[in-house]
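If you look up TrEMBL, you'll see 1-16 marked as signal peptide. The domain 'Cytochrome c-552/4' annotation in TrEMBL covers 178-213. TrEMBL lists 316-347 with the feature domain 'Doubled CXXCH motif'. Annotation source TrEMBL lists repeat 'TPR' at 493-526, 561-594.
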């Protein structure tokens, strides 16, 4: 089931949308009329907004969005702690125990062999993500690099468990918190240029300007006495979502409430979207469709589910017909939602609802509660959320029990941000689906079919074809497609990296290093690229530069097992075996199952004729990989000699 999930956010977005008010289609503004969409208009921060709008601020900070992200404190957490708060992951054979000590939160990772603790790793939790309506997820900050911790607290069930997507595929403390994630779960932290997940100036929750746009011009005009009567006119210094056209309102909400496979437009970042823009200007969103997609849904799919509804298709309703993001759903009565239903279904109840009156009354005569029932999502365990697909079929009276294991047949990928995607856009969507969720040759076949139909310019087609061949692990075709390209010709870091990796896998380490350098120049704080450059330099025996590159990675983020192990190997080649073993031990302490670090340590122990330890390490490797040829061969030789 996990492999067909649409996108795994680490936490559940609050179910709040944008400005509850009546539709005013005659006032609907076009995006190009808003002054704050101009480049360079600054964000002023929620405290500035509060100085005039304190009444709105006082309720907003208690909403799901207002409580979406904060420091990991006892005041923020919704979790229960104690001896019961231990999570075991069978696949990785690791335990996790979250706890507070001296007002600071930690997660202890450990492994047991019998009664012995054979591995321990303690990490401080720096941030909690989630309002507590559904979950608390947990983030670690390694020198500004943010990663998700492997355990989540599920508030509705009051239980700890593995974070979404971690059970059975436990990547421990290494799931990076990318801009795609952080720009929906929080306001806009300053991302270090050239990084994927390093930030400075971390906000603590979604703020006003995420829905209203940058406030600099608005504040200047109001301070200068330029006051607009918004009951009669639109104030174009700031976006009020009620004044947007229906499509632009929906684009604003589905910026975060349309969870799917997001593919950025060339040259854009997730920071570029502002209220009043079309979402497709910044990125496209794709969703896989299955024969049972009408029955099963993911956590943040409210916009997609609503668009499928007859109520949406046959009216002018939007998210703000029902929702007021300035007030928590916890204090919003059912009457607000049911009144929205009755604004269209306003005839006698006997003619507008087929459900028997007595049964309706027994459930509070709750239109939305019946036709938008709460159920689980397919991507986040232990949550119960409102299905925004409004129909008779989803009503409680007719809703069938869904099989937890049976999956529908894949029908294809649908683009949701525009009517029709180009062939190249669809190819990008399928490649993103393959990279993130479904490693199936069928998905790559679809990507190739669209690439064959694409009439895009060579500059647009080239990186996508490289991506396709790389996903196929067809390195010879990556190199064939890149013939004649110099590193400086490649404008995209990931394309440069993929070409470098193709050269590396082909044993052409100097060319690999050249393209890795290009990738590193374009994304200098993406540490994976630097680690690959360091590995190529080791292969070339360019040890001083390898030492410099890998040493920089370790200083930047000392929790990188690969960099530590490779740096240790550099020290071996330089004749410093004792120091090398210290780096191997640091790598293994972080990842007790990192086979290359274990083998490297075994090699050092072998140099020291410590055959007993070598055998112990090799047997440990074989428990992890019983078919490991190098470990088998060395162990056989040792057993013959010693």
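Using the three backbone atoms N, Cα and C, a Cβ is placed for every residue, glycine included.
When Cβ-Cβ distances below 8 Å are used as the criterion, the domain 'Cytochrome c-552/4' (178-213) is approached by residues 9-11, 13, 18-19, 34, 36-37, 41, 43-46, 49, 53, 56-57, 60-61, 65-71, 127, 129-130, 143-147, 238-241, 252, 255-256, 262, 269-271, 274-276, 300, 325, 522-526 of the same chain, each at least six residues removed from its ends. The average pLDDT the prediction assigns to the repeat 'TPR' (493-526) is 99. Summarised by DSSP class, the composition of the domain 'Cytochrome c-552/4' (178-213) is 11 helix, 5 strand, 20 coil.
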